[in-house]
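This report refers to the structure that appears directly beneath it.
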Amino acid sequence: MSQVRSFKASTWEDTVTRIGLWWEQARAVVVVPVFKFLVALCLIMSVMLFVEMMYMGLVVAYIKLFKRKPEKVYKWVAMDEDDVECGGESFPMVLVQIPMYNEKKVCEQSIAAACKISWPSNRIIIQVLDDSTDPASKELVKKECERWSKEGVNITFEIRDNRTGYKAGALREGMKHSYVKQCDYVAIFDADFQPEPDFLFRTVPFLIHNPKLALVQGRWEFVNAGQCMMTRLQEMSLSYHFMVEQQVGSSTFAFFGFNGTAGVWRISALNESGGWNDQTTVEDMDLAVRATLRGWKLLYLDDLKVKSELPCSFNALRSQQHRWTCGPANLFRKMAGQIIRSENVSLWKKLYMLYSFFFMRKLVAHVLSFCFYCVILPATVLFPEVTVPKWAAFYLPSLITLLIALGRLRSIHLLAFWVLFENAMSLLRTKALVMGLFETGRVQEWVVTEKLGDGLKTKLIAQEPTDEHHVRFRDRVHLLELLVGAYLLFCGCYDIIYGKRTLFLYLLLQSTGFFVVGFGYVGR
């Protein structure tokens, strides 16, 4: 009996030894070389991204230093405000569209802001496009429109019997009404946006005096940026997007991704470009690309700020980020060939659209954040044969982070939290990017971002019953983020025990970031 046990033990030891030898051979011949290749690929992408951001930083510095305001580049002549009182017959006809979907918390303030826009009353039409499925929301919007109509505002309340095409479908149907034919321009505001009364006086003159301009868009300003840590971090990212990315595209190639709101379109350019298309969930960017391929120019005004609202709940933010990442990737898949074949766009502009706008900002930035900083770099503690240069692991990402922080200097003390949060969100974005590129899963999913409107001013947080609290806890748990958090924690502990680096400091902090996101304790 003892001989049998001894034989089994010997056999088990031999098996373990063989597996160990196979693993060592596979590690030396396959795993380590592949890993080194992936590290090299990430280093190349890191340098590419750094060069791209340095380029954009230099363009913005040039604009600021030499005061290259849009009024100096494009012809701009102020409208005669005295003519408003005389009937404003010299003013162009403007349509203002406000698409809505169950927006009872913000409908009153958004409709009021649109109705208070300064423009001759006989030269403006406010069109509220309500796709609400909630009867109470629809009734509230209808009553608000009726109230402003009684005060003399030319406002219409339009509904559909379906939600085909979501926002793009609503805008497309809105343009089919007979009264739209008399309009020259269309301004678009989402339900949580509150334009200042002088919005049209600052944008329309550009369109009047520059016949090749198709769009003039303003910058978003956030009324709830200071509500919590999550909104502060969102503000940092979006401030960089507007101050740098949008301004650079507008100033260098007269092209940028329309943000879907706070902009005025020339209706003839919109129609010539094919109108609103719902082939992706980023109908705004889609229209901007198609208009550019038709030879039209787009203008962004960084000093024209329009009040809006950031997502206040983490689930709302996740849905928004999924759409904002999946949509551009899907659009790149569908429009890359048309951009290459276009005869109305110069070679340099094509290069900018394909490389800078789509490839670097919409693809590489997301893939690099997750694959390099959350997967490959942590794995180097398990493979001492593979080393990442200090400039790539620390200096380059630090410089990139500082460049982004310049967009909102008042929040620079939150930089470390922003890095951890953005890396944690990169998993969601990378997953959405893959869905968009390969048109799988929730590629056409459209979830309207929840808004709170005037409810933000009260800052009251109601405590839910215990049972519902448990349901919410289960709903807000995100398994993939928790798995990545566990992986980073393991790598961090391994580095403490066996490693000779200080990478564990980053790994433990980043694992905490993934656990916080995974358990949904964000924005609470």
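Cβ atoms are placed via backbone N, Cα and C, with glycine included.
From a predicted model like this one, the values you see are computed outputs, not experimental measurements.
What TrEMBL records for 185-382 is domain 'Glycosyltransferase 2-like'.
As annotated by TrEMBL, transmembrane segment applies to 37-63 (among others).
Within its own chain, the transmembrane segment (363-383) has Cβ neighbours under 8 Å at 31-32, 35, 38-39, 42, 45-46, 48-49, 325, 329, 332, 393, 397, 422-423, 426-427, 429-430, 433, 437, 484, 487-488, 491-492, 494-495, 498-499, 501, 503-504, 507, 510, 514, counting only residues six or more beyond its boundaries. Here TrEMBL flags 363-383 (among others) as transmembrane segment.
Residues or ranges marked as transmembrane segment by TrEMBL: 395-421 (among others).
If you look up TrEMBL, you'll see 479-497 (among others) marked as transmembrane segment. Residues 374-375, 378-379, 381-382, 424, 427-428, 431, 503-504, 507-508, 510-515, 517-519 of the same chain sit 6 or more residues outside the transmembrane segment (479-497) yet have a Cβ under 8 Å from a Cβ within it.
Annotation comment: TrEMBL describes 503-522 (among others) as transmembrane segment.
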>> For the domain 'Glycosyltransferase 2-like' (185-382), report the average pLDDT of the model, please.
In response: 95
